[in-house]
Amino acid sequence: MEVDVDNQADNHGIHSALKTCEEIKEAKTLYSWIQKVIRCRNQSQSHYKDLEDIKIFAQTNIVATPRDYNEEDFKVIARKEVFSTGLMIELIDKCLVELLSSSDVSDRQKLQCFGFQLKGNQLAKTHLLTALSTQKQYFFQDEWNQVRAMIGNELFRHLYTKYLIFQRTSEGTLVQFCGNNVFDHLKVNDKFDKKQKGGAADMNEPRCCSTCKYNVKNEKDHFLNNINVPNWNNMKSRTRIFYCTHFNRNNQFFKKHEFVSNKNNISAMDRAQTIFTNIFRFNRIRKKLKDKVIEKIAYMLEKVKDFNFNYYLTKSCPLPENWRERKQKIENLINKTREEKSKYYEELFSYTTDNKCVTQFINEFFYNILPKDFLTGRNRKNFQKKVKKYVELNKHELIHKNLLLEKINTREISWMQVETSAKHFYYFDHENIYVLWKLLRWIFEDLVVSLIRCFFYVTEQQKSYSKTYYYRKNIWDVIMKMSIADLKKETLAEVQEKEVEEWKKSLGFAPGKLRLIPKKTTFRPIMTFNKKIVNSDRKTTKLTTNTKLLNSHLMLKTLKNRMFKDPFGFAVFNYDDVMKKYEEFVCKWKQVGQPKLFFATMDIEKCYDSVNREKLSTFLKTTKLLSSDFWIMTAQILKRKNNIVIDSKNFRKKEMKDYFRQKFQKIALEGGQYPTLFSVLENEQNDLNAKKTLIVEAKQRNYFKKDNLLQPVINICQYNYINFNGKFYKQTKGIPQGLCVSSILSSFYYATLEESSLGFLRDESMNPENPNVNLLMRLTDDYLLITTQENNAVLFIEKLINVSRENGFKFNMKKLQTSFPLSPSKFAKYGMDSVEEQNIVQDYCDWIGISIDMKTLALMPNINLRIEGILCTLNLNMQTKKASMWLKKKLKSFLMNNITHYFRKTITTEDFANKTLNKLFISGGYKYMQCAKEYKDHFKKNLAMSSMIDLEVSKIIYSVTRAFFKYLVCNIKDTIFGEEHYPDFFLSTLKHFIEIFSTKKYIFNRVCMILKAKEAKLKSDQCQSLIQYDA
């Protein structure tokens, strides 16, 4: 007897997630569904011999029913006699006619998922269908004909018109082909059907409901309009503090800031009233509290007039010793070459202001302008700690609402207190917390940010990742003068604003913005193109230069894929590309007997600035890698929300919008092709990046000619204008670094040059006696050559140097690495003066963060294991809700991100895999300890949690260790590790975490005890099992 159980295919990734949604009544594989049909007909599966032939196909198709589906309809039709005559196309036409003639609007909406679009008035007697996509082809597969033969025409028609049908790709994504668009379930219901205390809320009664108190945005708005909108519950990003070059010579807030604007014309109370409205908008608070808040703001407006910014800035953040003399000497050298000024750049970049000094200046400001009773005692100390934390945050970190409010007790704030009964105290206390949150948010997002912008330039540094550095504006002003003098000699020319305005009108772009990233002895100029484009009517549009180039960018992505696939040149674009080529080379090298290898690495100097724009334009127009026309396809992608955890013990279905989030993504398809969405996803080189998602193609594909997409790219490269320090400049050389298309353009340009000069490296020989096997890769500007012939390596260097001289670019010869000595007779040609300048590598070759063993070709990541280097890449952004889940996700990301290739037998060894594990455990361990410290600090005063914190931190280590090992064994092809390695793996993990947590034993003493006890138990169990085995 057949049993209807959910087999392995029924519990596959996103399919399981689909079952958890309220809108989906049932979701099965087609295989399980046919078994259900068989049971309904009281037949044996032996009558359906063809089912086993299509089992794999049937298990990769999912059929789901909406929640309003009537199961009885299925049973009635399933028991009817089976007829499967006629052609599939005729049957599908009948289904379409049935849907068109239906009076139910939802039936006609199903046409969208079938690849059609309804045209004409819905009240008309006839309708027109236009093809959206090729999804209708999906049902013309032989397997579907076999399914139709098994279940009959009538049941197939029912399946086609009433079910949602998905096909699963090899990456676990479900592509929808039938039924109402699954994305319709994400739409927010406009009707407010949630009951409030005292009866249902009245939609026609504005601002009457008690729940609207803290959520209205204007006089006419009310809570009901915003029930599903998370209003103002989070801090804004700190990005405003970065890269502000405006130099305020008055040593106060900028003139337009509300703290100093109109200070002589409008009274402090009136200005305070305006600021209060800006902070609280139209949300209601009790009158006495409102008056107190306005009074506090007015007090701050009065006190800021007397605050001596210059004195406290000099006191807290002094300029370097003898700054005036140093400044004058450096400014006298502005017109020297960049190389001659390198030591002065190094000196200036070292003049960072310590975070403690910045914190002290901000705290001095608030000590002087805040009313003394605003925050007192412990509350004041905790506020100052939050200022310190805010200053120390990395570039992508921010303080969440709960972290901003924690440890500040509103009951200790005298001016917020109110006399009330114990019964009503909760409501007033809740209001006080809300008011304090709004005030603190305003203080940090407006005052703290404005103070930093006025007096400091904030930036990251090269190779320091997201760590932030503060420079006094006086120092940064000198850096800008020196850098712009260098840039004007190299790539920029100053222009008048009138020329820029004409350029904006003619080409419709917005000028970019230039910023500088400090390096050790120089700087890296980065252009950003986030400014909105102003149209001919002088109205600001929603488009930026990058978004305007979106379709062109999609077209160039097909060029990138063709370059890698054909191949053309030697460019690679990501680590997956690198590892594919590397693995192919290692296999060839092993086939020819693992002969001696020769290594060479080179680096293009100023890669983007060295691109010849005229040649690039010619290359783009004449290349055969670009099709003459393109289709732009738009896909709707439904992704799981990563922070949602399903409780298997207390499971209940929720709405789809609670589990999933949607986004739209576009992809370009070459004009000579018109593949289905499924075919696109099965192509390894597709750019949709849709793994384990739900996806639908629900819009008509747009047609474009190559020339129309290419011209905007050529225009912006040849005529690029930027804004820097209040002046406009035109780029005279190279392509913009920071434009969305620049990396592909640069790679294509150098690949075209490589084709004519380095093609000899493709002539390989697999003769074991004289093997000639080569691997050449270039990631942006970094070359790596591994070859079995020393002559190839020498010729490679000489050819590239010749190409660079012919095309006006240079190689940084200081970064030239070889595994063999170069001929002294060619030093002058290579740009070297002596033997000492040769960089001969031994044992390991380092390239783009990968260390390669030069004898075995085994790999391991090149991870900085200094504590400072480890922590500068850490972004905490702690979540106070489900914090243990946040902690677990953090540890998983530290250990399991981008590590797949380092544990495959085909390209590494067990010894190197263990070295990689050691590095991951050290790096991940220190990051995890920092996160655990944040977690512990947040909950240590929570009596219910405090006793469990250390145990939770330890449990997460156990859980993630098991998940990590399972991932290494089950998810990696040709993995180094097997199940037999698990005991040693777990013990090694515990050993590393014990050592790391022991460095902060005064905080994590109990964690160390728990981990040591677990280690001892594992060793005891291991010994016990060995004794039993011997016996």
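Cβ coordinates come from backbone N, Cα and C, glycine included.
Site annotation for Mg(2+) in Swiss-Prot covers Asp781, Asp782, and the matching candidate from Asp603, Asp609, Asp974, Asp984 is Asp603. Counted over every protein chain shown, other Cβ atoms within 10 Å are most numerous around Asp781 among the binding-site residues Asp603, Asp781.
Sequence-distant neighbours of Asp782 (Mg(2+) binding site) (same chain, six or more apart, CB under 8 Å from its CB) are Thr601, Met602, Asp603, Trp847, Ile848, listed in sequence order. The Mg(2+) site is set by Asp603, Asp781, Asp782; from the centre of their CB atoms, other residues of the chain with a CB within 8 Å are Met602, Ile604, Cys607, Arg778, Leu779, Thr780, Tyr783, Asn812, Lys815.
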